[in-house]
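Q: Submitted below is the structure of interest, expressed as structure tokens.
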Amino acid sequence: MRNLAKLSVPILSLSFVAGLVFWAYPEGGALARQIGIVLGWTGCGMLLVSLFLVLREARLAAVLGGLETMYRWHHRLGMAAYVALLAHPLLLAGASLPKAPREAWELLSPFSESWPVWTGWLSLLVLMAGLGATVSGRLAYRIRRPIHAALGLAVPVGLIHLILLGIDEPVLPILLVSLVLLACRLVREDWGLGALPYVVRSVARVSANVVEVSLAPLGESIAAQPGQFALVAFQSGRRFKGCNEFHPFTVSSTDGVSGFRIAVKALGDCTRNIQSIEPGVPARVQGAFGDFLDDPASTPQFWIAGGMGITPFLALLRAGRLDRPTILIYLFPSEGDALFVNDLRAIAASLPKLTLRLVATGDNPVEPGSVFPAGDDVARGEFWLCGPPPMIEAFTRFLRRRGIANRRMHFENFGPL
Ligand SMILES: Cc1cc2nc3c(=O)[nH]c(=O)nc-3n(C[C@H](O)[C@H](O)[C@H](O)COP(=O)(O)OP(=O)(O)OC[C@H]3O[C@@H](n4cnc5c(N)ncnc54)[C@H](O)[C@@H]3O)c2cc1C
């Protein structure tokens with residue numbers, strides 16, 4: 001079921017793009033022109049699906065295999081659309097070049113004083129800027145994000161390019177749909193009108209740079225399960241000035257209808273600011289998203305957590321749901337960096353099926369083999385990993401070498417969404 005949901009986005013993308021190309025397939029003309037037109041519609045279709053995939057609705061995400069899958073395909077389709085749309089005018093001009101070089105030049109030239117050409121190029125330039133910002137490692141996330149968001153404008157501008165070329169029959173309704181999608185994302189999600197109101201009930205300091213925040217709903221609540229994450233935007237309180245941006249945080253404890261908890265590590269401006277949050281601060285919450293720790297097989301379970309990656313496992317343990325033998329391996333640089341250790345020890349003492357292994361790694365990367373003593377049934381195990389990307393990569397390589405199939409390894413990635 002989980003794998004079927006993950007296939008739904010590629011199936012949706014392929015069907016939509018194929019339908020559009022089938023409808024617009026050009027009869028006759030030079031081959032380069034035909035390919036150019038097909039690439040134009042392919043790029044247009046991929047951009048529309050990519051736009052649809054930015055909707056952060058919990059129910060939609062559950063059907064489409066999760067927010068991470070949606071965002072992965074959103075990026076892939078955006079990149080592929082850019083390549084197709086860049087090739088589109090080049091092939092059209094190339095088709096005219098042998099017989100009518102002037103016409104070929106006018107098709108490409110931004111100096112030809114024609115709105116159809118200008119809007120086409122404008123759409124490509126917006127795409128280029130947005131994608132450039134996305135892949136640029138140098139720009140701060142805060143700057144990268146609005147430039148990337150401007151990518152959404154490339155779709156209506158590209159569609160206006162088609163309308164100006166006189167192709168308005170399927171394009172006008174498509175333009176309308178793209179504007180509705182953009183408006184939904186902006187109003188419901190970025191401005192938070194689709195989010196639920198919560199309030200900070202209590203705050204507990206976990207370490208020098210981590211606080212645990214308990215959130216209570218002011219009305220309807222999200223149905224958060226251990227292993228899931230929520231998008232939370234903190235507003236301003238009496239003394240606290242919230243950054244009011246939605247950031248993803250894994251649920252560290254599910255308190256049923258009465259709310260949930262998140263642990264926040266100071267990593268950048270917004271999360272540093274959250275360290276001084278106080279009870280009574282209003283928040284808006286979207287979610288819950290994700291299916292990490294959902295439906296584990298009945299084989300021995302190995303949970304491998306690094307640093308903040310302990311939160312999904314902690315939530316499941318706090319919920320008291322452990323019905324199969326589980327080894328929790330928690331890695332941290334030094335004792336001072338370990339989070340929730342007292343809670344984990346107390347839970348382990350009360351749960352006979354849980355084996356807790358605390359590993360202080362020092363400053364060097366841990367050798368994965370060293371955390372599995374000879375008695376561990378690694379060959380039959382199922383592995384759940386949450387932590388920094390280098391740790392996950394090292395363990396994945398090690399487990400593959402030990403013959404563990406990919407379907408028995410599950411990850412939660414804390415990278416940018
Ligand atoms: C699924 C998921 C679950 C997460 N769970 C937790 C958690 O339980 N506790 C916790 O402390 N952190 C968690 N994070 C990471 C947390 O969202 C980022 O640390 C936070 O958004 C940083 O915001 P900032 O403005 O303080 O930092 P910035 O200065 O903007 O960035 C600091 C770092 O965080 C990354 N980052 C910034 N914004 C986001 C974003 N919206 N999504 C993801 N990464 C971002 C940046 O790329 C950069 O590496 C999670 C991330 C994901 C994707």
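Using N, Cα and C of the backbone, Cβ positions are placed for all residues, glycine too.
Features from TrEMBL:
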- 7-25: transmembrane segment (TRANSMEM)
- 31-55: transmembrane segment (TRANSMEM)
- 76-95: transmembrane segment (TRANSMEM)
- 115-135: transmembrane segment (TRANSMEM)
- 147-165: transmembrane segment (TRANSMEM)
- 193-295: domain 'FAD-binding FR-type' (DOMAIN)
Q: Are there residues at least 6 beyond the ends of the transmembrane segment (7-25) whose Cβ is under 8 Å from a Cβ of it, and what are they?
A: 34, 37-38, 41-42, 44-46, 48-49, 53, 63-65, 69-70, 73, 77, 170
Q: Among 31-55, 76-95, 115-135, which stretch has the highest count of C-beta pairs below 8 Å with the transmembrane segment (147-165)?
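A: Ranking 31-55, 76-95, 115-135 by Cβ pairs under 8 Å to the transmembrane segment (147-165) puts 115-135 first.
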Q: Where DSSP helix means H, G or I and strand means E or B, what are the helix, strand and coil counts for the domain 'FAD-binding FR-type' (193-295)?
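A: Its residues divide into 9 helix, 48 strand, 46 coil.
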Q: Short question: which residues 6 or more past the ends of the transmembrane segment (115-135) have a Cβ under 8 Å from it?
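A: For the transmembrane segment (115-135), the list is 47, 75, 78-79, 81-82, 85-86, 89, 106-109, 143-144, 147-151, 153-155, 157-158, 160-161, 164-165.
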Q: I'd like to know the mean pLDDT over the domain 'FAD-binding FR-type' (193-295).
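A: Here the mean pLDDT over the domain 'FAD-binding FR-type' (193-295) amounts to 93.
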Q: So which residues does the transmembrane segment (31-55) touch in its own chain, when a touch means Cβ under 8 Å and the partner is 6 or more beyond its ends?
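A: The answer is 9, 12-13, 16-17, 19-21, 24-25, 64, 70-71, 73-74, 77-78, 80-85, 87-92, 94-96, 127, 152, 154-155, 158-159, 162, 174, 177-178, 181-182, 184-185, 189.
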